Amino acid sequence: SVGFKAGVKEYKLTYYTPEYETKDTDILAAFRVTPQPGVPPEEAGAAVAAESSTGTWTTVWTDGLTSLDRYKGRCYHIEPVPGEADQYICYVAYPLDLFEEGSVTNMFTSIVGNVFGFKALRALRLEDLRIPTAYIKTFQGPPHGIQVERDKLNKYGRPLLGCTIKPKLGLSAKNYGRAVYECLRGGLDFTKDDENVNSQPFMRWRDRFLFCAEALYKAQAETGEIKGHYLNATAGTCEEMMKRAVFARELGVPIVMHDYLTGGFTANTSLAHYCRDNGLLLHIHRAMHAVIDRQKNHGMHFRVLAKALRMSGGDHIHAGTVVGKLEGERDITLGFVDLLRDDFIEKDRSRGIYFTQDWVSLPGVIPVASGGIHVWHMPALTEIFGDDSVLQFGGGTLGHPWGNAPGAVANRVALEACVKARNEGRDLAAEGNAIIREASKWSPQLAAACEVWKEIKFEFKAVDTLDPEK
């Protein structure tokens, strides 16, 4: 019949297309879908494709004014999740025309927007995205990347060492700067503002920036090494954030910091552009990520947030520790660590990687291991993360019984010992404790640290684990 046929029709009639062959320019998404009882997986998968692209709940007259075939998302493959009675991985392909160039904000508004509140689904989780090279080329990405950062810092062949200044809230700017100086003088490469530190009554941002810059230059002069402190530019408005970044540049410091999820992708991308134009490195903290990524059946996996950050821009990002106090299983963590650092990553379901991803010319991001780690973890961290990483010890530096500078010395000695042992061909996983003990014989600072933390472990099973093999 000619003309418009009003009414409601099943999504799967339009949006479930198992015969579809994906294009190189499509954005591909893997969703973990838990349909409501009685809703077939084809209908649920098609509903996800529809609601995150061109569809709405009823047919509309204006559908006839455009080519739905050109613009609609398509659910092209569904597979049951092994070991789960009512979960399916639904693969959806989106035509590239649906997205604004260079906008992570727009990409997420579509793909993880209203569809997550959809009644026909009990739960929905975005497991992975394949970003086509054509879309990647519309993003600047990280301001500098791994190689440029090493060249700026003149540090090669080892992981970098950091420390989050604690107590995270309550110090005056002067005392805060003192702690920064002691840690950097003791041998760390970086110190860090805690993510909660913005500009509170006890320490306004400008005072903190000044005292930290002074600490940094003093430590640089005494050690002959380039030092950095992540000055947190996160603020209540984009304008205020940029004002803080400009002041950091005027002070001549090497690096600023942003909380990219609470600050938002629009603000983050603006800041990343400023950092590239003005030679600032950009450290990214992922505060709020666990709200989005910790539940296994709903939300968004961190590997998607990591990909989005590489597009939006950042030179460092927190990526879990595998061995510390915060969530992160080894295979999954290494999966998205490689996604951050490498140019090309093959599909590998054993590490939770659903798609092959080619980053073309986008620089890499350095993963930061931080949270409940100390000197006994150093061999494992060196082995797991390799050279292109930042290992951050907050309490593991400042909790040293002799103070901050000896805490920094202990970490630097432990790191150098692990790197030396690895370069000599020793097995860090098997001999880690022995390597640390040997080094502590000639470093009293390390010996004291070893004594304090010899029994500390955070042994809980990860919540977000890989699915069993079929």
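Here the Cβ of each residue, glycine as well, is placed from N, Cα and C on the backbone.
As recorded in Swiss-Prot:
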MOD_RES   Lys5  N6,N6,N6-trimethyllysine
BINDING   Asn114, Thr164, Lys168, Arg286, His318, Ser370  substrate binding site
ACT_SITE  Lys166  active site, proton acceptor
BINDING   Lys192, Asp194, Glu195  Mg(2+) binding site
MOD_RES   Lys192  N6-carboxylysine
ACT_SITE  His285  active site, proton acceptor
SITE      Lys325  site 'Transition state stabilizer'
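Non-local contacts of the residue listed as 'N6,N6,N6-trimethyllysine' by the CB criterion (under 8 A, 6+ apart in sequence, same chain) comprise Thr59. Each of the binding-site residues Asp194, Glu195 was scored by how many other Cβ atoms lie within 10 Å of its Cβ, and the smallest score goes to Asp194. Set side by side, the recorded positions Lys166, Lys168, His318 differ in how many other CB atoms lie within 10 angstroms of their CB, and the most is found at His318. Counting other Cβ atoms within 10 Å of each Cβ, the binding-site residues Asn114, Thr164, Ser370 show the lowest value at Asn114. Residues within less than 8 Å, Cβ to Cβ, of His285 (active site, proton acceptor) and separated from it by at least 6 positions along the same chain comprise Glu195, Asn232, Met257, His258, Asp259, Tyr260, Ile317, His318.
Within 10 Å of the C-beta of Arg286 (substrate binding site) there are 23 other C-beta atoms, taking all protein chains into account. Lys168 (substrate binding site) sits 10 Å from Lys192 (Mg(2+) binding site), taking the C-alpha atoms as the reference points. Measuring Cα to Cα from Asp194 (Mg(2+) binding site), the recorded positions that fall within 10 Å are Thr164, Lys166, out of Asn114, Thr164, Lys166, Arg286, Ser370. Close to the recorded Mg(2+) site, the chain also has Thr164, Ile165, Lys168, Asp193, Asn196, Val197, Tyr230, Asn232, Met257, His285: residues not among Lys192, Asp194, Glu195 whose Cβ is within 8 Å of the site's Cβ mean position. A straight line from the CA of Lys166 (active site, proton acceptor) to the CA of Lys192 (Mg(2+) binding site) spans 10 Å. The C-beta environment of Lys192 (Mg(2+) binding site), restricted to residues of the same chain at least 6 apart in sequence and closer than 8 Å, consists of Gly162, Cys163, Thr164, Ile165, His229, Tyr230, Met257, His283, Gln392, Gly394.
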